Amino acid sequence: MMIGLNFSLQELLMKFEEDIQAEIEAHNDVFRSVEGNKMKMVKALGSSEEAVFLQQRLDDMNQRWNDLKAKSANIRAHLEASAERWNRLLSVLEELGRWISVKDEELNKQMPIGGDVPTVLQQQTHCMALRAELKEREHLVLSTLDQAHMFLADQPIEGPEEPRKNLQPKTELTPEEKAQRVAKAIRKQTAEVGERWERLMGHASTWHEQVERALDKLQDLQSSMDQLDLRLAQAEELKAGWQPVGDLLIDSLQDHIDKTTAFRDEIAPLKQDVRAVNDLAGQLTPLDVQLSSTSSRQLDNLNMRWKLLQAAVEDRLKLLREAHRDFGPSSQHFLSTSVQLPWQRAVSQNKVPYYINHQSQTTCWDHPKMTELYHSLSDLNNVRFSAYRTAMKIRRLQKALCLDLLDLSVAQSMFEQHKLTVNSQQLTVPEVINCLTSVYDGLEQEHKDLVNVPLCVDMCLNWLLNVYDTGRSGKIRVLSMKIGLLSLCKGHLEEKYKCLFNQVSSAGDTCDQRQLGLLLHDAIQIPRQLGEVAAFGGSNIEPSVRSCFQHVTNKVELEPRQFIDWMRLEPQSMVWLPVLHRVAAAETAKHQAKCNICKEFPIVGFRYRSLKHFNYDVCQSCFFSGRTAKGHKLNYPMVEYCTPVSMCNEACKLELIKETFCMNRHYSSHSVVVEL
């Protein structure tokens, strides 16, 4: 307010000075004329009082004239001093304007926001320094603007300039004109400084907020990238310690599969970390932040390393699983040694093996040894009795598969070991191989010279596929495999009956007609595969099921003992099984008797003694081929011995059999009486 008052006073003084100056200029000639004629006028009056009075009046006028000129000079000096203060105010405004321009330019040079933490930290430091400078200058700027506003508040509103009366160029401006020009410049500078100051303050504040937000995001991003980098490095270090799959021991493949799977599970959370890092990078886009080349390369590198790590894990798991499939315990690779050149074992798409003969350029489903075995069975076709013919074929097959070495209890333990409890479950070829391998590995430990594991596994698999998977689908039902293996393994006959029954019985240790039908159906497939099913009632097992339940007076369910009693009767569909046991028992039997036909002594195998002729013995070869001696007919009843007996026991048994034969016509139409 003081500046405004001073300026108003200055205006009055300026006006007053102008008036005085005008008066001085207007009376300057008169004063000079009077001053020049003063002495003449005084001399003309002489020494009179008028002369003295005139002198006094002239001196007084001169004094007043000088005072007036001095006063005008003082006013002019005062005005010039005031103009100097206004000019200083203008200079301050101009200096502030230049300073604001410099700071605004510096701020613009800081843009855009950097793409990494070090750059944004530098921008933050500059921003804080700028805000400190602005805070320091704020008082000066605001006070200067206040002074300028107070100065301008007392100034008249500028209007159009009056035309100059004297068109001649002026070499010097009047003080009034100078004051007007200063006021105009102050008004312009005040407006510019005020506007640019507000803009700079707003710009600096907005920039500071952007920098702070960007710095927070970039620091979060950098911290996350550093942590991810560390975790990836740790995972990569573990990966670098992996042995090549080709250098691993076959027995360790499953362990390495488990470890690699566990490693995959351990690094799974890294996927979320990678996603979080990418999300943080994406949050910079709305802030107009472009990642620096260094940060961008680091982010791309992390994503690439994660992808490569994932791919490496999946590739290793794939290689390990393929190696485990091809070379592991459940693989078929070890079975390639079951054949010799020119044969090669191959595997179809559903894992069913087939065999290539490179010499004849042919392929077949049957193992070469199995083909030889089937050809050798034709030698038994001259056996007249189908039950014995079939049993002898199965016995030869049983021994070729080394199942005659497999104990019944061991087979049951294998079923439990592999959890084969669901009869309807379909086993794949690798699963069947796994089961068979465990069986034959155990047999090899007990019979090293007899069991060739690859050959036995391949042959037994071939047989199971021929019996229960003729279409080569690559699937065998659990019940079918169990019935097949149990039928051909060794063990007490009635124990085997009970074990077979248990495979189909329900929780109450009983079975109904459907369950018995499943058992008989799978059992009859064994002679069917050998082409001998017709003699055992064909593939239709319904008559045998009805026969069994009629034997127990048509009960709804069958108990184990009742099933065993029925099997003792050697029903048509299952007669080959007890005959198989007698064939096995008779193989090494030596009878102290001579064959009356071929004269073999001692008789090895089955021995047949006539109930019509005294001391008439026949060996199994002559009996099965139908050879006879003079006076003996084929329809004469014979008693069969599968094990040696003493003379005393033989006489007693013969008497008992003869009595039974005489009382029971059943034997009149049979040529063989089986010794029980």
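Keep in mind that glycine also has a Cβ here, set from the backbone N, Cα and C atoms.
The coiled coil annotation in TrEMBL falls on one of the ranges 71-98, 211-238, 547-574, namely 211-238. Same-chain residues lying 6 or more positions outside the coiled coil (211-238) and placing a CB less than 8 Å from one of its CB atoms are 113-117, 120-121, 123-124, 127, 263, 266-267, 270, 273-274, 276-277, 280-281, 283-284, 287, 289, 295, 298-299, 302, 305-306, 309.
Over the domain 'WW' (337-370) the predicted model carries a mean pLDDT of 91. Each residue in the domain 'WW' (337-370) gets a DSSP state, and the totals come to 5 helix, 13 strand, 16 coil.
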